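Input: a single structure, listed below in structure tokens.
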Amino acid sequence: MVRLVLPNPGLEDRIPSLDELEVIEKEEASSRPKWDNKAQYMLTCVGFCVGLGNVWRFPYLCQSHGGGAFMIPFLILLVLEGIPLLHLEFAIGQRLRKGSVGVWSSIHPALKGVGIASMFVSFMVGLYYNTIIAWVMWYFFNSFQEPLPWSECPLNQNQTGYVEECAKSSSVDYFWYRETLNISTSISDSGSIQWWILLCLTCAWSVLYVCTIRGIETTGKAVYITSTLPYVVLTIFLIRGLTLKGATNGIVFLFTPNITELSNPNTWLDAGAQVFYSFSLAFGGLISFSSYNSVHNNCEMDSVIVSIINGFTSVYAATVVYSIIGFRATERFDDCVNTNILTLINGFDLPEGNVTAENFEAYQHWCNATNPEAYAQLTFQTCDINTFLSEGVEGTGLAFIVFTEAITKMPVSPLWSVLFFIMLFCLGLSSMFGNMEGVVVPLQDLNITPKKWPKELLTGLICLGTYLIAFIFTLNSGQYWLSLLDSYAGSIPLLIIAFCEMFAVVYVYGVDRFNKDIEFMIGHKPNIFWQVTWRVVSPLIMLVIFLFFFVIEVNKQLMYSVWDPDYEEFPKSQKVPYPDWVYAVVVIVAGVPCLTIPCFAIYKLIRNYCQKSGDQHGLVNALSTASVNGDLKN
């Protein structure tokens, strides 16, 4: 077993001993927030981990990588990557009783950049994540209509037909791209602010502020609804979905394994990334949440329970989603067949009702044999149920196009629409609780704001500032900006932060010390599984994912999808390269959090060296006299 531990002078001065820990907890009882009960804590963690990605990204990955075959690498990496890192964050937060900045600077002053990087990522992800909630609210407000506004195309100005853009695409596409986003044809074409989205964005940030105004004291109450209601709605949709025609086609298609996909490196890469992102690791929110626990809370059991719930939710949500997609695909297949039947009837003046789906092929052969010239002039659509099922969709396309189209075909469609968008709202809001915690607590640890400022004021200023920056997502090009941040803000930075977290605990703090801490907190040492995954397996997996991701991204041109009614293959989205200036944005979004870690470490070492330049051992002395938050004592 690897026992390498890097030199870390002054650690004993920065970390309270186990004997002092319970005393500190009692002293903090009146000043530091704590959970009302264990259920609050678990629901908050589940709500933070289980988000929109479980509903609209995991099903897409299953469909793209061999259906049930994708479950194999997903579950393997969930055990070897997700659970160990989740346990580590829970345990280190509970042991040191601080937020992300306080935890890592306590372990070593040069590691304060890890906490700052987590804060940056939480800020940037929250910046666009709440915009998705604003879109959800817009659809929710429009759901109280019969018929639903996206169920049919609007008429043109002359009232002689449908609007051309809608007629060439579909009513759900038109409502999403034109009525909601009023999207431009380029990220460079910013356009103007869409006032209806701005109003919804205002509502979204107002609701979030009310729910987080006093930290866990208010979020702990909200999670009773936001973390449980999605499961109720998912169950209702599953029951309803199973009664719809073709639902089983979707479920069978989802879980039918294509074993050959297991030899595809991208399958394992996507599985590892999905496990990583679905746990909301490296944001700093989970560390803060666990710091409010009792010293002797069983963090090991918590990590296992949250992981099981997270994995189960992904599979459960995929089942629900594909029951609806199966219904949608069957409806489209039936429409396709009926269109072909109508084409044949009109082409040969056949009596209506004579040609059915069952005898269509027989009539085709008869018509072709009777009058091949007339038959050759007819154009038939290709109707294949698997083609409709395999049209992979993820993200906003699944929520605002595929699901909304399926809902329009259900009886009492406004009811199902209201339920669906309530579910998405709760999933998004509960995830934002963790993002806000990942920003507010580090700012308090950094002492940037005056200590006399109440948390309500700090939270309000953060919400207001982020809300103003988020105006960019209300422009005509807002969807393109959101996709850009979604692709780069929450990808590589989180991977690097998580790797640094595990390296810091195992090789800087010391895994043997960490084992003793956990034994003190839960009553027994971590078993061999935790030892192997923390020391070797999990860091190695993250390193491999990073290398694969880096190789893939470096070797391909940055592209994005645009909605252009003048595109020759419209209504397909057109893939175009990003403008050159976007590369600078990518460097800022993905590079700044990553560079914060080494830059702050170098700055800290240089500063300490300069302060002790006259002492041959100045660097060691400087580090050994660091305070708990990583700053030098006078």
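Cβ from N, Cα, C; glycine included.
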- Query: Topology question: in Swiss-Prot, are K34 and M559 both on one face of the membrane?
  - Reply: no
- Summary of DSSP states over the topological domain 'Cytoplasmic' (214-221), given as helix, strand and coil counts: 6 helix, 0 strand, 2 coil
- Task: Please state whether DSSP places N182 (N-linked glycosylation site) in a helix, a strand or coil.
- Result: coil
- Message: Counting only residues 6+ away in sequence within the same chain, which have a CB under 8 Å from the CB of N354 (N-linked glycosylation site)?
- Response: I345, Y363
- Message: Any contact between the transmembrane segment (305-325) and the transmembrane segment (582-602)? By contact I mean 3+ C-beta pairs closer than 8 Å, pairs at least 6 apart along the chain.
- Response: no
- Message: With a cut-off of 8 Å between Cβ atoms, can you find at least three pairs linking the transmembrane segment (491-511) to the transmembrane segment (42-62)? Only pairs 6 or more residues apart in sequence count.
- Response: no
- Does the transmembrane segment (269-289) make contact with the transmembrane segment (42-62) through 3 or more Cβ pairs under 8 Å, each pair 6 or more apart in sequence? yes
- Query: Which whole-number value in Å describes the distance between the Cα atoms of S17 (phosphoserine) and N258 (N-linked glycosylation site)?
  - Reply: 53
- Residue among the recorded positions S17, N158, N182, N258 whose Cβ has the most other Cβ atoms within 10 Å: N182
- Item | Contact between the transmembrane segment (414-434) and the transmembrane segment (222-242) (at least 3 Cβ pairs under 8 Å, separation 6+) | yes
